[in-house]
Amino acid sequence: MENTAPTANPSRSDRAVPSYDAVDVSHPVLVGYLFWILGFIGAHRFYFGKPLTGVLWFFTGGLFLVGWIVDLFFIPAMAEEANRRYRNGRVDFTVAWLLLTFLGLFGVHRLYMGKIITGVVYLLTGGLFGIGYVYDTCTLNEQVEEINRQT
């Protein structure tokens, strides 16, 4: 007679294993903290896709440094929100932001995104005399998201 009773120790393949979707990290927390160092001018808020409060932080010195210190504790939550909102693709958000921050007046971030003509214009005009640099600071996440959506 065959034994049909369930075994007391099921094999690994019989066990239910929870599966989790891999989180696509578009805005790492560590980079957020690096931008937080410049947070009194709103750099971390722009990076995490919060241009309105970024502008507010810029003009108020991070709400007189109090909001800047409070943001130290909110960066993980802002990173999580940005990771849900923005998806990586051909253009990496962090690379684009670092290029904008350090070489933005020369249009290097635009060349990286494949916007060759405006990249050269930025190079010749100092980021359209700074106005284009400010525009890109407020809209870079959306620009990268649009490019990544197309590819």
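Note that Cβ sites are derived from N, Cα and C of the backbone, with glycine treated the same way.
Caution: TrEMBL annotation is automatic and unverified by curators.
Here the domain 'TM2' (29-73) has Cβ contacts under 8 Å with residues 79, 81-82, 85-86, 94, 97, 101, 137-141 of the same chain, all six or more residues outside its ends. If you look up TrEMBL, you'll see 29-73 (among others) marked as domain 'TM2'.
Confidence over the domain 'TM2' (91-137), given as mean pLDDT on the 0 to 100 scale, stands at 98. Residues or ranges marked as domain 'TM2' by TrEMBL: 91-137 (among others).
Among the features that TrEMBL reports, transmembrane segment is placed at 30-48 (among others).
Residues annotated as transmembrane segment in TrEMBL: 55-79 (among others).
According to TrEMBL, the transmembrane segment annotation covers 91-109 (among others).
Among the features that TrEMBL reports, transmembrane segment is placed at 116-135 (among others).
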Per-state residue totals over the domain 'TM2' (91-137) - DSSP helix, strand, coil: 40 helix, 0 strand, 7 coil
